[in-house]
Amino acid sequence: MDFPLANLFFVPSEDATAFGRRLRAAAQQAPIVFDTAFGMPILLRKSHITTAYRDTATFSTRMFQAGILNGGLAAMQGDEHARMRRVYNMFFLPRAVSQYEERFVRPISEQVVDRLAGKPRVDLLEDFAMELPRRVIGELFGFPAEKLHETDERVRAMLRGLVRMHDPAAVAESQRAYGETLGLITEVVERESRDTSDTLLGEILRTLKAEHMDTIEASRQIVLSLILGGYETTSWLVANTIHALLAHPDTLARVRQDPSLLPAAIEEGMRWCPSSFGVLRMVERDVRLDDQALSAGTVVCLAGIAGNYDETAYPSPEVYDIDRKPLPAANVFGGGAHFCVGAPLARMEARVGLQALLARFPGLRAVPEERPSFMYGAKDSVAHGPDKLPVLLH
């Protein structure tokens, strides 16, 4: 393999569109590049990525079997994955998501917004975009409130080890954080198994029992998988959508006046300023994609978000336009058999939280002299987003 070298990810910019435009520019030069900072080949061409999503025998997630996700949904293949995926899907059916909205997300959103009231100025990244998913995860799984912030840091450490698997220090830190988090997960699972509640964790235990899979290990793996996906995905989705709206006051005014536009604002936000870098796959056999050769055993990144700035799909892609028809494809959730199972919850959480925020603070606006900087790896995460979101509330 001899691909052009690139540095696509760890590049800060005050322009929220720089990441997407940089990936698109790279895709126009070569279908596959080797990112020197990321340490792996990056697939940029849509046809190659579609092939990789569909051909799970050639492009697998088997590399996760060697780490903290071993035994979890992300590491499973074939029939085993299909069976467990069916179990996971039960937790995110429309009826279930609607119940989470009314019982957890809506009241928590109001509580988080209440805590902002009376402050003339806040950082919506820390005080809202991070706080909302943190609180929701805590309630859904019954985590003690005093454990939420340290769990947040451990989740980031675990994710860094999963994504930067070529970095021994990141992997070691991930394993340490995993051991600490596993103790907390075991504690809440054992407590819930003695007295099953109406939380998501209670629903998980009841479902596993009905499927004759009710073991502590199965429960722990599901909780771990959902925590790893639930924190970062939603936090950065919310943060990037907030920035998109603040940067476009006319659109912000429209959405505030008509909250039914929020789903479009969120979907376009995921295109305009994507939080995800892509997804990882392991090449199981020597394969050629057109004239590009990939060797068995290579871990690659499928950067589907390179298509977010494809002018043929999205005219004037640098423009944040919530009236695009059809709505942009949400590449941040991956694709194929391993498409993010919690996407309905993340979308709902963003919609409900943003609606509460905009309704409470009609004077919400950015602090003009403090522009956030955007980068993949913001705040030591594995996401693309801002380092801050300073706003005036009134």
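Quick reminder: no glycine exception, Cβ is built from N, Cα and C everywhere.
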(request) Name the one residue among R24, R135, R281, R285 that Swiss-Prot lists for the same heme b site as H81, R85, G335, H338, C340. (result) R281
(request) Just name the most isolated of the binding-site residues H81, R85, R281, H338, going by other Cβ atoms within 10 Å of its Cβ. (result) R85
(message) Check the DSSP secondary structure of H338 (heme b binding site), expressed as helix, strand or coil.
(response) helix
